[in-house]
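Novice: Below, the features straight out of TrEMBL:
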- S207: active site, charge relay system (ACT_SITE)
- D345: active site, charge relay system (ACT_SITE)
- H376: active site, charge relay system (ACT_SITE)
- 127-382: domain 'AB hydrolase-1' (DOMAIN)
Amino acid sequence: MNAMLETPELPAVFDGVKLAAVAAVLYVIVRCLNLKSPTAPPDLYFQDSGLSRFLLKSCPLLTKEYIPPLIWGKSGHIQTALYGKMGRVRSPHPYGHRKFITMSDGATSTFDLFEPLAEHCVGDDITMVICPGIANHSEKQYIRTFVDYAQKNGYRCAVLNHLGALPNIELTSPRMFTYGCTWEFGAMVNYIKKTYPQTQLVVVGFSLGGNIVCKYLGETQANQEKVLCCVSVCQGYSALRAQETFMQWDQCRRFYNFLMADNMKKIILSHRQALFGDHVKKPQSLEDTDLSRLYTATSLMQIDDNVMRKFHGYSSLKEYYEEESCMRYLHRIYVPLMLVNAADDPLVHESLLTIPKSLSEKRENVMLVLPLHGGHLGFFEGSVLFPEPLTWMDKLVVEYANAICQWERNKSQCSDTEQVEADLE
């Protein structure tokens, strides 16, 4: 009798459980997708100067809200994953010519050259020299998208193919790209300067490429000749500081570390004969046992310690990271420098952002742009679900470069006017 009286209440209990389950799922989705996070203009760190005031007027994207796709765009992980797996949406196929340069150690460096598709806004000959991210090259979709957009805005583009990154180009010496080696990038820049003596340069680096271009410019004052400005996107500034954060599970960095290490292993092993073959004159510190350690490596640090540092004869991982990081060179850069990072980049720990923040407080030529969202090289834009082919990052880099070109043109015109007035007096 009691059981019969209780049965009508069971559906209500089940409905309550279902409601609680739905609420829990919605809560997890909201938290994971970061849906409650607001959209806002990027945080800007800079010194008040004529240049910074001109940039704020000339670059609307610096003061305008960056609006990522509503459903998933506020998750740095999804932005990063989409960049990693998809690159870009409906990526174009710009037409270029591949150039080959033989380095002094016998290595064959390659880069792709793309001519402009329109006249530049100031009418000058401007070349963007571009250094992609880790193990990337000119055929990557995010590079193709950016190059196509830059061409249509009047820029010639030269894109470095990291040594060993292209699957169809064999290594011709027992060496491949490393975290901060600037040799191949420098060779590409020198080729452009020699071939196009009238051109001016805009230097652009993505992720690891950002470290390389900043280190290159800071290595010697001569490297900054004919350079209008530099843009670095999503780099970490100090490998020595980053190595500790990369081993932490916070923001899944240890997982990303494993994935990148696995990709690096595949690239190195694809060049096994060129790097470890019996006929190869290997660096003295590189031994056959390092190959066996490479098979079991689960982090970039293990690969760097067992293989990469030995290409350049560093005695320890600490020395390799200290010497190859651009942090020691940033204060030697005198051309306008824009550093772009995303606050939700799962690969770049927030502690690393103190480096560009501190630099921007001391140097008038430096501006740090820090949007809330964007992940690592994502920066997708869109209304609800589907992203647009062109990203906020693509548009910002070109907009900044255009502004700097206009700034230099205005300075040149003012100098000419002052010279005429002086001659008349």
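Including glycine, each Cβ sits where the backbone N, Cα and C put it.
Quantities reported herein were computed from a predicted structural model and do not represent experimental measurements.
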Novice: Could you check the active-site residues S207, H376 and say which one's CB has the most other CB atoms within 10 Å?
Specialist: H376
Novice: Using Cα coordinates, what distance in whole Å links H376 (active site, charge relay system) and S207 (active site, charge relay system)?
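Specialist: Cα-Cα, rounded: 8 Å.
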Novice: Pop the Cα-Cα gap between D345 (active site, charge relay system) and S207 (active site, charge relay system) into the table, whole Å please.
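Specialist: About 11 Å separate the Cα atoms of these two residues.
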Novice: Within the domain 'AB hydrolase-1' (127-382), what mean pLDDT does the predicted structure show?
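Specialist: Averaging the confidence scores along the domain 'AB hydrolase-1' (127-382) gives 94.
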Novice: Just counting, how many other CB atoms are there within 10 A of the CB of D345 (active site, charge relay system)?
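Specialist: D345 (active site, charge relay system) is surrounded by 25 other Cβ atoms within 10 Å.
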